[in-house]
Amino acid sequence: MAHSPNFYVALALIFLLIGTSSAQLSENFYSKKCPKVFNTVKSVVSSAVAKERRIGASLLRLFFHDCFVDGCDGSILLDDTSSFKGEKTAAPNNNSVRGYEVIDAIKSKVEAICPGVVSCADIVAITARDSVVILGGPFWNVKVGRRDSRTANFTAANTGVIPPPTSNLTNLISTFQAQGLSTKDMVALSGAHTIGKSRCTSFRNHIYNDSNIDSTFAKIRQKKCPKTSGSGDNNLANLDFRTPTHFDNNYYKNLIIKRGLLHSDQVLFNGGSTDSLVKTYSQNDKAFDSDFVTAMIKMGNNKPLTGKQGEIRKNCRRLN
């Protein structure tokens with residue numbers, strides 16, 4: 001059967017598209033090259049979370065802040081040098097993102113068993129999953145095979161690709177859409193705020209100036225977060241006041257009674273298009289778990305470097 005030249009062009013295009021998508025990420029990428037990688041990561045995450053429950057939330061957030069800036073490529077881990085500007089000092093990350101030392105500890109253990117094989121980007125992805133599971137959330141198989149970036153993007157990280165806690169619903173929908181994530185993905189991923197803490201500077205405006213907040217809740221939060229900017233900025237509050245170190249659907253139950261800590265939390269249940277999803281998740285933890293997992297996998301497939309792109313860093317903080 002003879003094919004027209006166009007057929008071959010189409011075929012070449014298909015292979016080209018496959019080559020640039022997440023097709024090269026797979027659950028068994030390391031099964032021959034580094035079979036112990038998952039157990040190694042898990043043991044370090046387990047002991048880190050046993051020491052400090054909050055670090056699980058921090059590691060989950062680290063993955064989110066990595067993926068939203070030019071894909072899940074480990075770029076957030078790169079330290080600034082005299083000739084290189086990383087993403088660590090960008091507004092959403094500076095004095096805010098935590099857990100870099102845990103990634104370092106995992107990397108050195110993994111390098112000891114499989115030198116030069118496992119990327120920092122993959123370690124961040126696996127760590128996020130382990131953190132969720134250890135804190136009582138759902139398990140999923142992490143697709144791996146990402147490579148590490150040789151660049152960082154301070155400008156993107158600093159100019160709103162990561163939605164700030166002041167975001168309204170339109171902004172949340174559009175910033176997630178820019179990453180190929182749907183409104184449903186966004187509402188499910190926001191449920192990551194079932195764990196972790198936030199700084200007073202991130203919720204001050206919501207507890208003093210917003211009307212869509214339970215007044216008793218606002219007053220309690222105001223006790224440890226003074227109205228004056230610059231005073232108590234780093235004082236912490238739990239994002240989920242019911243079960244702050246357990247991954248569950250209480251975050252959504254809190255929104256229904258107007259006890260979301262951040263402005264960007266409460267806008268999800270504020271008479272808008274996402275109210276019904278919040279209701280569903282508040283009543284059905286299985287639906288939340290399932291949509292959260294789908295969205296995490298989707299986010300993890302975001303523009304990965306694969307094949308010969310990037311590199312496998314020996315030290316996650318600097319280029320080889």
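Positions of Cβ are set from backbone N, Cα and C atoms, glycine also.
The feature active site, proton acceptor is assigned by TrEMBL to His65. Under 8 Å, Cβ to Cβ, and six or more positions away along its own chain, His65 (active site, proton acceptor) finds Ile76, Glu87, Pro92, Asn93, Val97, Ala157, Ile162.
Within the same chain, residues at least 6 positions away in sequence whose Cβ sits under 8 Å from that of Ser75 (Ca(2+) 1 binding site) are Asp66, Val69, Gly86, Glu87, Ser149, Thr151, Ala152, Asn153. Taken from TrEMBL, the feature Ca(2+) 1 binding site applies to Asp66, Val69, Gly71, Asp73, Ser75, Glu87.
Look at TrEMBL and you will find Pro163 tagged as substrate binding site. Applying an 8 A CB threshold to same-chain residues 6+ apart, the list for Pro163 (substrate binding site) reads Asn171, Leu172, Thr175, Phe176, Ser264.
According to TrEMBL, the Ca(2+) 2 binding site annotation covers Thr194, Asp240, Thr243, Asp248. A simple way to gauge crowding: the CB of Thr194 (Ca(2+) 2 binding site) has 28 other CB atoms within 10 angstroms, across all the protein chains here.
Counting only residues at least six positions away in the same chain, the Cβ atoms of Tyr30, Lys33, Cys34, Lys36, Val37 sit under 8 Å from the Cβ of Cys114 (disulfide bond). TrEMBL lists Cys34-Cys114 (among others) with the feature disulfide bond.
Under the heading disulfide bond, TrEMBL lists Cys67-Cys72 (among others). Counting every protein chain shown, 28 other Cβ atoms lie within 10 Å of the Cβ of Cys67 (disulfide bond).
The local packing around Cys120 (disulfide bond), expressed as other Cβ atoms within 10 Å of its Cβ over all shown chains, amounts to 30. Residues annotated as disulfide bond in TrEMBL: Cys120-Cys316 (among others).
What TrEMBL records for Cys200-Cys225 (among others) is disulfide bond. Neighbour density for Cys225 (disulfide bond): within 10 A of its CB lie 24 other CB atoms from the protein chains shown.
The feature domain 'Plant heme peroxidase family profile' is assigned by TrEMBL to 24-320.
The signal peptide annotation in TrEMBL covers 1-23.
Note on the recorded positions Asp66, Gly71, Cys72: the fewest other CB atoms within 10 A surround the CB of Gly71. Listed in sequence order, Gly74, Leu77, Leu78, Tyr100, Ile103, Asp104, Lys107, Cys120, Ile123, Asp148 are the same-chain residues six or more apart from Cys316 (disulfide bond) with CB atoms under 8 A from its CB.
Each of the binding-site residues Glu87, Asp248 was ranked by the number of other C-beta atoms within 10 Å, and first place falls to Glu87. Mean pLDDT across the domain 'Plant heme peroxidase family profile' (24-320) comes to 97 in this model. A simple way to gauge crowding: the CB of Val69 (Ca(2+) 1 binding site) has 25 other CB atoms within 10 angstroms, across all the protein chains here. Taking CA atoms as the reference points, Asp73 (Ca(2+) 1 binding site) and Cys67 (disulfide bond) are 7 Å apart. Between the CA atoms of Cys72 (disulfide bond) and Asp248 (Ca(2+) 2 binding site) there is a gap of 25 Å, rounded to the nearest whole number.
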